[in-house]
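Per TrEMBL, the features are:
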ACT_SITE  D38  active site
BINDING   D38, E225  Mg(2+) binding site
BINDING   39-43, R51, H55, 83-85, W87, R89, R206, 212-214  substrate binding site
ACT_SITE  N86  active site, proton acceptor
Amino acid sequence: MFNKLKRWKPQNSSSSLRDRIESVKKAGVPSHIAIIMDGNGRWAKKRAMPRVAGHHEGMKVVRKITRLANELGIGALTLYAFSTENWKRPKMEVDYLMQLPEEFLGSFLPELIEENVRVEMMGYQENLPVHTLRAINKASEETKNNTGLVLNFALNYGSRAEILDAVRHVLKDCQSGIMDANSLNEEAFSSYLMSSKLADPDLLIRTSGEIRLSNFMLWQLAYTEFWFTDVLWPDFNEEHLLNAVETFQNRQRRFGGIQGS
Ligand code: IPE
Ligand code: IPE
Ligand code: MG
């Protein structure tokens with residue numbers, strides 16, 4: 001038991017990092033964190049390396065951050081890994097990105113299983129290569145009964161397409177009498193989205209200095225707290241995640257009300 005916990009503690013964790021983790025946990029963590037993991041290409045370019053080297057380094061960060069999120073007791077971590085617009089990139093880069101789930105899960109899945117993490121995917125499955133989908137489906141299947149952190153990969157995900165599909169689905173259900181248009185409220189509409197099993201994110205993080213959503217969870221982020229950093233995703237570490245969560249803990253969420261009401 002001790003070994004197991006030790007292995008999952010953030011690597012190279014100094015005692016000050018450990019203290020911070022404990023105090024962040026005490027102050028109450030967000031239930032759902034969503035991250036737009038951006039800046040892999042620029043990270044590689046700065047080092048005169050091919051863009052894919054940045055993606056590979058970024059994958060290592062996913063491990064680190066998943067471990068910490070799990071340790072903090074966060075309910076769900078949604079990671080934007082590939083957008084519906086990312087198909088515009090050179091084939092070589094897209095092919096590389098599409099093999100990353102196999103590589104990542106090939107080595108990380110046993111730990112995820114052991115640590116009670118549930119792997120899920122949110123996105124359009126039909127256009128994904130068979131080998132990519134196979135790796136994701138295997139991980140989802142083997143972790144489906146886990147009750148800890150939900151590690152939700154947004155892969156071939158696009159929010160506008162998701163919303164349009166939900167609208168089409170609602171219309172169909174209205175026509176067939178399953179749904180009554182007058183009873184369609186926000187909660188019911190949310191149930192038609194790909195994120196239907198998850199609560200809306202409490203905290204959104206975007207790395208690399210870009211201040212935009214890039215078609216990510218447009219509906220779900222309506223009242224989410226945003227945290228942006230110039231740090232490129234491959235340089236993102238435990239300290240940065242703790243900074244984001246601590247900032248979140250000091251925000252006042254009013255949801256349109258007034259403080260203290
Ligand atoms: C994010 O890094 C990863 C994906 C979008 C797949 P980028 O590849 O967008 O890196 P930059 O933004 O070009 O630096
Ligand atoms: C958003 O990043 C998508 C992912 C992180 C997977 P992009 O790099 O594709 O976004 P833009 O093109 O800069 O808006
Ligand atoms: Mg980018």
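Even glycines carry a Cβ here, placed using N, Cα and C.
Computed from a predicted structure; not experimentally measured.
Close to ligand 1, meaning a Cβ under 6 Å from one of its atoms, are these of the recorded positions D38, G39, G41, R206, L213: D38, G39, G41. Highlighted here are the recorded positions (D38, T84, N86) whose C-beta falls below 6 Å from ligand 3: D38, in sequence order. Close to ligand 2, meaning a Cβ under 6 Å from one of its atoms, are these of the recorded positions D38, G39, G41, W43, W87, L213: D38. The candidate set comprises the recorded positions D38, E225. Of these, D38 has the most other Cβ atoms within 10 Å. Reduced to three states, the DSSP call for D38 (active site) is coil. Between the C-alpha atoms of T84 (substrate binding site) and the residue listed as 'active site', the distance comes to 15 Å.
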